[in-house]
Amino acid sequence: MTSRRDIVKELVSKCLQARDMAYCPYSRFPVGAAILTADGAIITGCNVENASYGLTVCAERTAIQRAVVEGHRQFTAIAVTCDIKDHFVGPCGACRQVLMEVRRRFYDRHEHYAVIRK
Ligand SMILES: O=c1ccn([C@H]2C[C@H](O)[C@@H](CO)O2)c(=O)[nH]1
Ligand SMILES: [Zn+2]
């Protein structure tokens, strides 16, 4: 059986890989996100910017949108990474709003909602 620790390691590792895929020529601030679904899948996202900055989609929302397309609606954890060594990155207001909509597992079940530094 895979331990909780191994699952978190895998989540962080995939989150970092996703961060490397960020399209962020305007901010040069790559962000990665990895969501653990209730059935154990990991779905990742990165920020995808646009010259019209308001059209930029954050890593967290990219991951949630991908997950939904792939049939996942129940999530147990999320990891988020940026490349600032000494600071945590927290989801922006738009992402928090979207995360609230899928909050059942994150909050009601007292599962993890993690913002990590790596
Ligand atoms: O939690 C966060 C914070 C910021 N960004 C992105 C949006 C934008 O592309 C860049 C700078 O804000 O970082 C994310 O993807 N997630
Ligand atoms: Zn955001």
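Placed from the backbone N, Cα and C atoms, the Cβ positions cover glycine too.
Site annotation (TrEMBL): Zn(2+) is bound by CYS92, CYS95, and the candidate from CYS58, CYS82 recorded at this site is CYS58. Across the domain 'CMP/dCMP-type deaminase' (6-118), the prediction's mean pLDDT works out to 86. Checking the binding-site residues ASN47, TYR53, CYS58 for a CB within less than 6 Å of any atom of ligand 2 leaves CYS58, listed in sequence order. The residues of the domain 'CMP/dCMP-type deaminase' (6-118), classed with DSSP into helix (H, G, I), strand (E, B) and coil, number 43 helix, 21 strand, 49 coil.
Highest local Cβ density among the binding-site residues ASN47, ASN50, SER52 belongs to ASN47, counted as other Cβ atoms within 10 Å over all protein chains shown.
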